[in-house]
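As listed in TrEMBL for this protein:
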| type | residues | note |
| --- | --- | --- |
| REGION | 47-66 | region 'Disordered' |
| TRANSMEM | 74-95 | transmembrane segment |
| TRANSMEM | 121-143 | transmembrane segment |
| TRANSMEM | 155-176 | transmembrane segment |
| DOMAIN | 222-295 | domain 'Sphingomyelin synthase-like' |
| TRANSMEM | 226-243 | transmembrane segment |
| TRANSMEM | 250-269 | transmembrane segment |
| TRANSMEM | 275-293 | transmembrane segment |
Amino acid sequence: LRDRKKLYFLCKMLQRENQSVLADLGVLDSHTSSIYSPQTQYNKLESEYGDSERISPPISEDGRPRYPPEKTKAFLSLLYVVAVTWITAFVMVIVHDRVPDMKKYPPLPDIFLDNVPHIPWAFDMCEVTGTILFTIWLIVLLFHKHRFILMRRFFALSGTVFLLRCVTMLITSLSVPGAHLQCQPRNYLTQGSSSFSDLAKKFSQAYVIWRGAGMSIQGVRTCGDYMFSGHTVALTMLNFFITEYTPRHIYYIHTFSWMLNMFGIFFILAAHEHYSIDVFVAFYITSRLFLYYHTLSNNQALMQTDSTRTRVWFPLFSYFESSVEGIVPNEYETLSEIIINICQFIKSRYNDIKMHVTVAAKSSTSTNHVIETVSRTITENNKNK
């Protein structure tokens, strides 16, 4: 590491010397060249090298970048999104109880809702399109060689967007968008009940929402969770991940995915379950966050140049993407390769368990031998006495 650092410094010093020569020739002005004093050079080099040292993606022996699966990070991202969905479900219970009175606060003026009639079955069709997109995404994950990287990115982005949605749902309660919706605050407190029982009932209702993934086809009906649309977030996130991690020549999959996304959004509005602004904001936030995340992860130079601010504002990103260099290639495994990998994994786990059992048995045998030896010695000493 010391030799690498020394070589890095020498190369940078040579670049600075060349710039000073250009200044002598009149190509650069003296003010520009004066900033390269020896101390300034060293400080800048130290800072640059320190930034490059913060993120050091692994390189294989043939010089190609490696993409380690890092299953621990994938598991942590799963815990993150599970925790966020629980928080979201509880917030949905709270905002349902804060929904404005429909008699006092009628639906707000909306260009789309005012001109498109209500279609009763549209919201169920929206969730059907989401289910189709989710099935396609599961198939992509199954065959993709770098499935664990894809999983942790999907969980991290989804969790972050839904956590932001919790804030927007809480700070402002919009009126119910459709007269067909029957929205009234739930009365948890009964005579003689305590605040603890009230909280327990809210958690119970949150579990119902969490178990049903907030879907009406699962029997979940909520009100007040309008800004912004969670269904639009799910549709858009699935669409972007499918189009990003499938080959470009499979354009019909991309076209089909975008059609499902757009039709799903249309069905949300046609069902009068959300205002147009809810859907627009959800699509914008989800798409921008997806693109910004992948722009940083696909360009190590951007991460290294602004690594401090990235660590402060996106701590999950800095942790999850610290070992990924460049764009994750869309490499796939055949079904036979997947089966072989599963068999090898099971075999390695079996060998590990077998080894631990053998070591434990040997340790137990040696312990029993020591105990028998000590007991025999004590018995002989007693006989001699």
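Note that Cβ sites are derived from N, Cα and C of the backbone, with glycine treated the same way.
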Report, as numbers and ranges, every residue of the chain located at least six residues beyond the transmembrane segment (250-269) whose Cβ falls under 8 Å of a Cβ in that stretch; write 'none' if there are none.
112-113, 116, 119, 122-123, 125-126, 129-130, 132-133, 136, 229, 231-232, 235-236, 238-239, 242-243, 276, 279, 283
Taking 155-176, 226-243, 275-293 as candidates, which has the most Cβ pairs under 8 Å with the transmembrane segment (121-143)?
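Ranking 155-176, 226-243, 275-293 by Cβ pairs under 8 Å to the transmembrane segment (121-143) puts 226-243 first.
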